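Visitor: Supplied in structure tokens, the structure appears directly below.
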């Protein structure tokens, strides 16, 4: 009362009286808006991780208040994207690509790659503007759009791509250092080496210096990331000044082309170090003397020396390496000129006399191709130069308005870089001679960086600018990759990566940095920039492909939460981008593409089976819902064809007072039947009312789920609350499933101790389930002695599964053993089929027909036909007098004769078990539904003249002579009760049923006593509910002495067919 008063006073005057009781769970809008406006950009996984750490380690000292993010579009998105997109490929490989692929081929490559990134940026903009973007960038966008499995797989791919990008930038940095800045710093000297030896020396230098630079960069990142961020603007300035220097040089070539002569022998390009003057001889003091070039190709300085044949037959010419933009060289460079490894670079259009023997393969005189080039190789090498479009989204936590800045800044940056790249392709082809373009390391232009020869005012502007830009890009990669790995680790979706979520006290990812440096070292060991570039192209392309897929899925699914502010997107553009990404992956390198997809698939399956369950409202869940809805609507169109029939099982289990399953082994059997790949629903009933027992139902549901997980049963659990057991079971049978995906088979265990008075409700419930399945045309499986059934961990190394095919049930008896034998528990068991022949049946022909039928069904099984010979009912009567005295009084002497006469008059055609009635011969002539009565309510006079107790079935025993002994006080009988005593006759119909059950049981025991499992037809239930106990007695007699029995009742339709 006091709390109610306080609450009413708290909201007094606020016009909230109607909602006072709900304020604890539904806050006022005013306070809600305040919390939403002050939303933290801390990513979800990091937030949960830090909260967990705080809880584990206790309260920490208060941290400094976090400043509100202030970065706008220019500084926060545009310039970081520019810095990441422009990089090592532009400076070291762009001119070579134009020379090898031609202006047209290179333009196509650049256009494809830039179109891919532009389409990806459009998709990314739509995702980034669909709500508040947490810090973490692309990984968070993909994981929250496609789910933890795809998010984790693509996140790891993006991480690997970023890590290998760091290796590529470091290799580019070392290449600039050792080839263009200080060649003399090489540890492995390349002077005098030729061919493979020179190549190996270069690679070893790259490995040594690359490892040193990697260690230095990792140390810088570990010590202080803030210094890296502060130097970012300096590195960006180097890039921009370098590009501007190239454009200035292009303009200058139109006015005054720079002098960069290239010496050509015949049509072959000569190494600069092979000559001092581009001539065979020089005039010195009116005397002709051999040049250095002469000494390179001839065996002596004498003018009559023996020289190389090609040298002797061809002239030496000097051409201008950079003829200028107005020279018309563009037409010559328009088409590709792909080279094999070791081929000499030749100038098109120059006449030459071919060398008959060909050039020496180890010749150290000409500029030669270092790798075999082809179109797809160029795509793989070039694509890393357009990556880096995620730089803006990765800084989303620092942006003032991420939803506005990310689309504008990213698309503007891609547009700028695309214009620069496309114009560069045309301008390089229009300004630079083809042999110079194809000279990857500038060996024909005095060892200058080729793009540097075009720059103004000096080639050193490009050399120094590209060196610092590659250093900066490498530092940025080593800074970003560990943080990405830390974000994935803190999300907890990949268990073995959780250790990398920890770091220093300030949050720096120390362990992730170590792993990143280790993976980066792999790229350094590869040592070739041309070999590393396609690797990171694969990982980036896969990441971009899934960004496009995420946008396309969200658009097509039209989920209510998909409301991006960026409107210039379409699912067709996303699919086009996804197709381009996939195509480029296989164009670049089909084997790398397969490896990358294999890595992503392994991570996906690992997260699916071992990762943490995360519900992020992702698109994959949405597509699952849409696909499920579509499939359910299709299933409603009609019943499945026999070929598509499979057991959709509803498992009825009971729970104890603690809501634990009483017979868990029934779920083991369910798992062993899962080869049908059908629906499985495990249902139970909680007695009570929904309001009072909802918590019990939740506990029961959790218990079912745990048991299903333990037994590896893939399906659904369902718990209903009802006032009694009977109604609850009926509700489960009626409402289980959804639409066309409903159960067609009921699996319920045999009610143990059903004869006990306390189990009377379970007995009635079981028989009613049998009736309901019959009415609903559902198949029924009843395992008897379920506790003796094998668990999923057991194995039968031998034995038989015996099928007793007595009546045709649609083929269920044939299908179930086949499904069981698909499981490892039953795989070694052999299948035997027994069928029953009557006196007038041709058993030999039946066996032949059955063998043929099984052959057409493609089922391997041994076949045996059992002939049922007519026997006297004396044994049956003796059995009844001993075990069921209430059914048949012992003093009637004429019963045997009457029974035999009845059998001779009526030859039964069905082997179904009958009911037992309470009256004599007059009852035997009535219809079946009228002639049954419960044994528990039977009352007849004893030989002593008294009336038997209603519970005589339990309380009366019989002597060997057939006399009865009362174990309870006889109740008073009516005076007229004994007047028709000697006119009573047993129910002939019930007697024949019991006789059949006994005979079948004898035969089954004889043949299948040692079988691992016996399957047989389950007789139908009595139509009159007064005979339920008798029905259960018949089933007990039928299965007596058998260890594992599976009673099977078909659903009234064919479930197996001989047709394909």
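Just so you know, the numbers here start at 1 and follow the chain as drawn.
Including glycine, each Cβ sits where the backbone N, Cα and C put it.
Automated prediction, rather than curation, is the source of TrEMBL annotations.
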Visitor: What range among 343-361, 438-456, 457-475, 476-494 does TrEMBL record as transmembrane segment?
Guide: 457-475
Visitor: Among 32-55, 104-127, 272-295, find the range that TrEMBL records as transmembrane segment.
Guide: 104-127
Visitor: Can you check how the pLDDT averages out over the domain 'SLC12A transporter C-terminal' (992-1060)?
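Guide: The answer is 83, the mean pLDDT of the model over that range.
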Visitor: By DSSP assignment, list the helix, strand and coil residue numbers for the domain 'SLC12A transporter C-terminal' (796-868), in that order.
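Guide: Helix (H, G, I), strand (E, B), coil: 24 helix, 20 strand, 29 coil.
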Visitor: For the transmembrane segment (208-225) against the transmembrane segment (457-475), do we get 3 or more Cβ-Cβ pairs below 8 Å once near-sequence pairs (under 6 apart) are dropped?
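Guide: In this chain the transmembrane segment (208-225) contacts the transmembrane segment (457-475) - 3 or more Cβ pairs sit under 8 Å.
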Visitor: Do the transmembrane segment (167-188) and the transmembrane segment (568-593) share at least 3 Cβ pairs closer than 8 Å, excluding pairs fewer than 6 residues apart in sequence?
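Guide: The answer is no, given that the two segments have fewer than 3 Cβ pairs within the 8 Å cut-off.
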Visitor: Can you tell me which recorded stretch out of 139-160, 371-391, 457-475, 535-556 has the most Cβ pairs within less than 8 Å of the transmembrane segment (568-593)?
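Guide: Comparing 139-160, 371-391, 457-475, 535-556 against the transmembrane segment (568-593), the winner is 535-556.
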Visitor: Summarise the domain 'SLC12A transporter C-terminal' (664-779) as counts of helix, strand and coil residues per DSSP.
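Guide: Counts, helix then strand then coil: 62 helix, 22 strand, 32 coil.
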Visitor: Quick one: do the domain 'SLC12A transporter C-terminal' (992-1060) and the domain 'Amino acid permease/ SLC12A' (77-250) reach 3+ CB pairs under 8 Å, ignoring pairs fewer than 6 apart in sequence?
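Guide: Not in contact, no.
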Visitor: Quick check on the domain 'SLC12A transporter C-terminal' (992-1060): DSSP residue counts for helix, strand, coil, in that order please.
Guide: 32 helix, 10 strand, 27 coil
